[in-house]
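Some notes on the structure that comes next.
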Amino acid sequence: MKRHRPVSSSESSDECPSTSFTSSSMYRKKSKNPKEQKKSAEVFRKDLISAMKIPDSHHVNPDSYYLFTDTWKEEWEKGVQVPANPDSVPTPSLRIISEKVKEMLFVRPRKYIRCSSPESAEPGYINTLEQAASTCRYDLDDMDIFWLQELNEDLGEMGYGPIDETLMEKTIEVLERHCHENMNHAIETVEGLGIEYDEDVICDVCRSPDSEEGNDMVFCDKCNVCVHQACYGILKIPEGSWLCRSCVLGIYPQCVLCPKKGGAMKTTRTGTKWAHVSCALWIPEVSIACPERMEPVTKISHIPPSRWALVCNLCKLKTGACIQCSVKSCITAFHVTCAFEHGLEMKTILDEGDEVKFKSFCLKHSQNKPKLGDAEYHHHRVAEQSQAKSEKTSLRAQKLRELEEEFYTLVQVEDVAKEMELSAFTVDFIYNYWKLKRKSNFNKPLIPPKEEEENGLVQPKEESIHTRMRMFMHLRQDLERVRNLCYMISRREKLKLSHTKVQEQIFGLQVQLINEEITEGLSLTNALENSLFYPPPRITLKLKMPKSTSEDCKDSSTETEHQLSSPGSSSPGHSKRSPQMPEEPLDMNVKIYPRYPLESKSNCLQTSRSHSRCETKSSSPTPRAPSAEFYHGQSLGKPLALQAALHGQVSIGNGKNQPNSRVSSSNGLEGNWSGNITQKVNSSEVCYDQESMLSSHLPSPGNIRKSSMEHFSRSFKEATNTWVKPTEDLQYCVKPTKNVSSKEQLWGRQLLRRPTGRASYQETDGYCPDLEPSDSEAEGEGSKETPRVKRESSDRENPSHDSARECHGKTKTHPHSHSSMQR
């Protein structure tokens, strides 16, 4: 049936017919097979929406319709989905299926199977907790057992059953527990002590004794502080006992704004600091966050340092923050709690704008100040407070003593009988016996109370917290020490590593320099480089000499002694400065090395000058005897083996002087001192040339054993080869001096013929291992002198015959090398 739809303001509704049954297949995809099409179960009806619409021209009460302002209006025009055939709606059918029970095989549990009965299934198992809870804390003594036997006899005569010992112990324990609990409750509450509070008691915050409905005065059951509900922020008075904030936590804190403890206190936001509510109200910088609950205390950090520095005029303490007198000309400072205790005038003024102003006055400006003086009033006030406190304490102690004496009034027999499931008649006998026994023990309990009942639960928790804090603090200190030790150890190891690296670099540079000098053939003259190598060991040779050799060498040793002693006696000024040469290996080439000290160069020159005065010269090359000073100068610069060989040739010669020997003069050399060769080359090469000249002029005796000196020949040949070459080069540069005056020849002969009466010259700088004082001693009279040669020194200082012959042959072609060497 179609209904006429009134005109609607909707454009989309006018275009559509009023009622249309549209199949839901229009909004679905058509089936591929037309035979499979089924009738739709739902249709979209638009007449329901159109019937609800009201035209704009229709006047209707505004309360009877709703204005449709949704922008989703076009979607409403599509219609409402309704079933096509409501009569053919299928009815659901259901059936209940029983749950299938899962079958599981038995699996042995890891733990033992325990029975729920109190008796243990296994004889070895014991539950310690249950056993401790079931164990009675009271043990019967002999008096209790005797009284129990008498009671059982009386109960048997009266027709009651007997009481065993375990039952009596448990009954006495229950009586003690009830007495302890009721006594603690009586001590904590006002009713138990029976203290009647005075009517003139005042609030600890506002100091007002008045109370009104909804703002009653509340007392703390532990510290007995009195506060108004509004002053302390108590929204609802709890039933039973009430404790203040500090008593709830079981602490007795110190106020941060004054030196007093106790009273109506609240915490800061952190909960670590406490302050009196009165102090927070009277100090202008401090405020309270929530006025309804009067907590927490805030803005303590806003107090200026000048207020913290004030000293209280009443308690004379510089603790906390003080307030000052409201009189502008007065600057007297005092604590808020000190002002309350001394009865100063503290006014609270309410302005018209509901603003509260606090006015405080000192002793001088207070209107209700006492007539007594300040000192007298202070002593009087202290006396009154101490008296009131003592009276209050004595009253409380008296009430406690009365409560302890009347302990039996705190226990009800009916409650004990109900808990023990016994008759009141039987429990009454045990109750009377317990009362008599406790009175005989000065009203002390028969069993000690438990630690939880004696100390409470709050205080041990607080102590445990402080203990843990101390433990963590000590742990942090220990960890800090460990960290410091680890840092110091790491720093020490780093320093050691850097030091080792520096030493390694130094060693590497030293080795590099030594390798460079070795490859270039330079001498190791640096003290730091020489410290890396130790000097070669000293070699001492003991040779056996035949008697004929010592006899043949008399003349030679005599002449040698003359030559050795003549420089020391003729030139004493020169003997003070003996040349010192650095150590050199045998195979070192003769080169100008810049590291030689200047002193050694000059000493070599002086040695060459003094040596030229004592040498003889002829046209043919003949062996010459060197001076003792030359050996002393070279003893420190040659190896020990070479020194022994050269020194032996001096000590043991052929015993003959050349007939044509002449004393050389140095005048010609001094005249030609500024020749073609520079002073630096002269001073560095003269010392090497002297040794080469010595080796060429030394005769070699044929009666020395070859077997003892064979190992010296090879090294001596190499040294001679290297020393002869610079001598040849110097031969072409310097001309020898042949003109010698007759006066100088005569002076030289006198020196040769002069007998030596003392030992040979020795250096005063130190010990010389190459020349012994007994090597050149002479004994005799007149021109004939018999030398005394030690066997040990002669054996040590004789070179081989072959080496001396070869050296003499090589140096034979250079007759003027010695004179050129003196430059």
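Glycine is no exception: its Cβ is also placed from the backbone N, Cα and C atoms.
Of the candidates Ser394, Ser664, Ser760, Ser774, Swiss-Prot marks one as phosphoserine, and that one is Ser774. Of Ser578, Ser620, Ser700, the one with phosphoserine in Swiss-Prot is Ser578, while the others lack that note in the record, though it may still apply to them. For the residues Lys35, Lys810, Swiss-Prot attaches the annotation N6-acetyllysine to Lys35, which does not rule out the feature elsewhere.
As annotated in Swiss-Prot, N6-acetyllysine applies, among Lys444, Lys735, to Lys735. Ser776 is the residue among Ser10, Ser776, Ser794, Ser819 that Swiss-Prot labels phosphoserine.
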